[in-house]
Amino acid sequence: MVQGPVPPAITPPLPSSSLPPRAGHSSAVSATLSPTTPRTRIRMAPTSPTYDRLEAGRMPLKQSRRFAWKKFAMGAGILLVLVWLFVPKEKRQISMSGWGGSPEFEKGNTPYEGKPKPSGPAEDALEPPPSRPKPPVPPSPADKNPAHPTSFETDPDPTKTTYCKSPHSSAERLVQYALMLDAGSTGSRIHVYKFNNCGPSPAYEYETFKMTPKDTGGLSAYAGRPLAAANSLDILMDEAMRVVPLSLRKCTPVAVKATAGLRLLPGSQSSDIIGAVMDHLRDAYPFALPTKPADAVAIMDGADEGVFAWVTANYLLGTVRADSAPNTPTFAVLDLGGASTQIVFEPKAGAPLHEGEHKYDLDFGGRTRVLYQHSYLGYGLMRARASVHRVVDFMASLHEGPPAPKTAAGLSTVSNPCLARGTQRTIGLAADGGVKKEVQMDGADVGGFAACMKIVDLVMAKDAVCAVRPCAFGGVYQPALSEAFPPSAGRVLLLSYFYDRVAPLMPEPLGGEQLSATVEAIAELAKVVCGGRDKWLAHNNWGTKPELMDELEGRPEWCLDLTFMYGLLRTGYEFDGDREVMFGKKIAGTELGWCLGAGIKLVGGVDVQCRV
């Protein structure tokens, strides 16, 4: 049978300490998180090794040859050709239906109302809750109890909860789990979320996380092999089988959301993989798939990806809860994945915002919010790397003179200012007819932030036609952040690769707080990284950290990564150089990103039938 509507917004247990008064941040780098509410202190884990972003592998350093980087003089015509040839193109429409404020949701309530929860056999029959439930109130600081489990390993009984003895309503189960699989462009991950029904709406307790091995790759790595793609998720589903109690599995919803990597596959390859994954989950595991295929296994729209990440962060930071003070500033959230990047923020009251697909109406936490969002397909970090390397290779082909020397393996050598000085890397490039060619990119003496920034500026396509002004980059409309989202309107939180590339280079934050820095501080880090080993040894005790030195030597493109991130923030989105940004990976033990936001919808806004 089908359960009745589920009340709104899920409330997590709050951290145990209170927030200090909000303070300004005048220094370039800070480790203090300003409060979002007067009684809440949020902690972000400074590192999470198991969630490190996957890459295309590491390579040993080779003896570098020294080549002088020839200064290039490119005319306006060649610049336009470069932009036309190499800038990623985005051809898609963003759906504004469903979770973004569809009429199927009651205005003023969360978008997760009005959808049934999993139903089971007759003994699980449920009574419908009141038609207009009040928005939930999260536990106050006085309710905090350090004895509450924060992980599966510390949970004395995963079938029960330490927050109450019985559910708020006899129609509810005491404990509910949800499985959200993130099928990213570089690998897949599972989030097993535990909720309880002690209050009028489900309360989030903790998550269990696991990712596929680095050599497994994302679903898109199995193009043309849909069964192998489905089987690649078994290691993640085995973790779900370990964590979810046997008695709760048949009513535990599972969903797979693929992001930009799968979206880029040609023809029917992506739909073949989606179908194989759906069949495999249904046939091999006891968990409940949502009734609608689009809710079960699907390629997630870029708009939803960004907004889900925004909900996750602001929900955990306490800015969008039902009891949040009126006009509480929310965080802008910028997520940098492998194939795409997203920006989402709530413009300040009265700021102009043109109509269009960038406008996202969101009902959450008892109120309606209007967000600006955009997902840039092709501007994720791995895709940006490929674009930069293609531009460098093309420019090298224009140089007159003797041909570039060959390596012992017969590869052409190309000087690349976006690799750290004295480093090399073999890069695969798409050649004519789609055939890949390999070249040896060489930082040699040419690696440097300023020269690399010129290449990044070409990739950012700031000169693209802007139909509706103002534009960020690539001809995409975005209200000026200095007017629509100044520092007084809220703070900026950077996720995923932003964190992974900056965190290892920063001083360890005090008291376990999250990292923060100015935008310009990212450029300063890039200058040091691009400068090569001598610069690393002389900077901020990096030379005393063998693991960091090994990482820098094994990842020559770290220079490119930081330069692109700075270009994205400063040139692309046009943040001021002194604007403070925060780098986040976890809040109160929960991974940041879109998954929790999607998981909240899964338990409260999706039709799921329990397995029999």
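Backbone N, Cα and C define each Cβ position, glycine as well.
It should be emphasised that the depicted structure is a prediction, and the values quoted were computed from it without experimental measurement.
What TrEMBL records for G338, A339, S340, T341, Q342 is ATP binding site. The compositional bias 'Pro residues' annotation in TrEMBL covers 1-15, 127-141. What TrEMBL lists as region 'Disordered' is 1-51, 95-166. Under the heading transmembrane segment, TrEMBL lists 68-87.
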Ask   = What residues, ordered by sequence, lie under 8 A Cβ-to-Cβ from A339 (ATP binding site) and sit at least six positions away in the same chain?
value = S185, T259, A260, G261, R263, L264, L377, G378, G380, M382, R383
Ask   = If the ATP site is taken as the center of the Cβ atoms of G338, A339, S340, T341, Q342, which further residues of that chain fall within 8 Å of it by their Cβ?
value = S185, T259, A260, G302, D335, L336, G337, S375, Y376, L377, Y379, G380, L381, R383
Query = Including all protein chains displayed, how many Cβ atoms other than that of S340 (ATP binding site) lie within 10 Å of its Cβ?
reply = 26
Remark   = All chains considered, the count of other Cβ atoms within 10 Å of the Cβ of G338 (ATP binding site) is 26
